[in-house]
Amino acid sequence: MVQLNQNFIDTITQELPAHLSMDEFIAACDRPLRRSIRVNTLKISSDDFKTLMQPKGWTFDPIPWCEDGFWISYDEEEQLGNALEHIQGLFYIQEASSMLPPTALFTPSAFTTSAKWQCVLDLASAPGSKTTQMAALMQNQGLLVANEYSASRVKVLHANVLRMGASHCALTHFDGRVFGEYLYESFDAVLIDAPCGGEGTVRKDVDALKHWSLDDVLAISETQKALIESAFLALKPGGSLVYSTCTLNRLENQGVCEYLKQVYGDAVQFESLSDLFDGAERATTAEGFLHVWPQIYDSEGFFVAKLTKTASVPRLQPEPKLQKNFPFTPASAKQAQGIKDYFQQDLGISLPDELIMVRDDEFWLFPHEFNAFIGRMRFQRIGIKLADSSKHGFKVRHEAIIALAGKQLSPTAKTVDVSDVEAKEYLMGRDIPLATADKAQGEVIVCYGGAPLGMAKHLGNKLKNNLPRDLVKDKVLLLPEQTKSL
């Protein structure tokens, strides 16, 4: 049974829209959430994913605000996070409401000029659901800066970015309040899914509201105001900003947006989201925001606001000095050609036309747009590591294969397709015996379902596992095919 604090009920009763009832709200909070996932179109199309999973008993109910999002049902009690297809990065387990903010930011009308959307900021990124959703919407083009304040959550963010094959991200680890000054008016679009009271999450955490207090709400709303102001300062004139939370009270939602409007006046233009998807008007406020109560779409509670920065605003502090000793240098023409030839000739992968950078014996691929950010802030991770070099040549890195060996593969690529059982063995760090002995082929890309799992060394009679030890799994779930239609 859900635990609803009486102080919360008293407060939210005054804010609930007239067309909704408190009884329906409480009943919705007491129901378990529907399972929902988002297909990772960086690796597989939604149609192909459904074709892959329907024989395993999955049914798909489209989420109206996300083209690649689905409520799912299937006959398995196991944790989906252990599923082979999840480990492979074909889908992300993501609550339906949390797919709203990236959709709101990347509306078709946003793409008005080819110059827009080259630099995007996700101010509070972990664990990475919205970051990787935006990476897919950007099709790994441009630069996506993903920031996370919590050190432990940066590791989770990085793991999800790599698993999903997002190659154009730069990760940072800062308090989001510094971005307005360090990267003043640098981004075409900014998403801030702000830390909040989490009132909308009660359907998956029955104790989320047990200790609710107005004092806590007031305190966190002050942090949110500082974060949205920092995000607004980091936004270019003409750019779009989406502010979202998974909470329900006005202080953390409309109140934060109204604060920004009070400070910056006509430079802040609220954009209506009433036409974002069919049925959006059911959750649209007078300001044009989406205030999603859990009973409206049978989802988590959520809030989404979109605004345009119509004019430049003064920065609050002098521009910081550029930082020195950036550890990467551009590859020479000879080095760049060498790494391109290795990927093309040995692996069958055409490298994207991006910056090839060198650090010691490491070769990296950076988005072109990152040039404008060198020295302005310290980055935890940039782009993807392509390979290590030695006197014997190059050694490809796992993350490069995961990010680039999908749509970039040529017909001549050295790949070995494995069964689901063999894929499970591979992900558990084991070598794969080959049914028929053949001539040794050296480095090969191991694939399952048309998407890469990683590298192996073809020794003729087996595939020697080259999966990095830190990625070896203790458990991999194979979802069984169903013998009856569902």
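For all residues, glycine too, the Cβ spot is worked out from N, Cα and C.
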Among GLU148, GLU181, GLU185 - the residue Swiss-Prot places in the same S-adenosyl-L-methionine site as ALA124, SER125, ALA126, PRO127, GLY128, SER129, LYS130, ASP175, ASP193: GLU148
Inter-residue C-alpha distance, ALA124 (S-adenosyl-L-methionine binding site) and CYS246 (active site, nucleophile) (nearest angstrom): 13
Distance, CYS246 (active site, nucleophile) to ASP175 (S-adenosyl-L-methionine binding site) (CA atoms, angstrom): 20
Distance [Cα-Cα, Å, rounded] between LYS130 (S-adenosyl-L-methionine binding site) and CYS246 (active site, nucleophile): 13
Cβ-Cβ neighbours of CYS246 (active site, nucleophile) (radius 10 Å): 23
Chain-internal residues near ALA126 (S-adenosyl-L-methionine binding site), provided their CB is under 8 angstroms and they sit 6+ positions away: GLU148, SER150, ARG153, VAL154, VAL156, LEU157
C-alpha spacing of CYS246 (active site, nucleophile) relative to GLY128 (S-adenosyl-L-methionine binding site), in angstrom: 15
Among ALA124, GLY128, LYS130, ASP175, the one of these binding-site residues whose Cβ has the fewest neighbouring Cβ atoms within 10 Å: ASP175
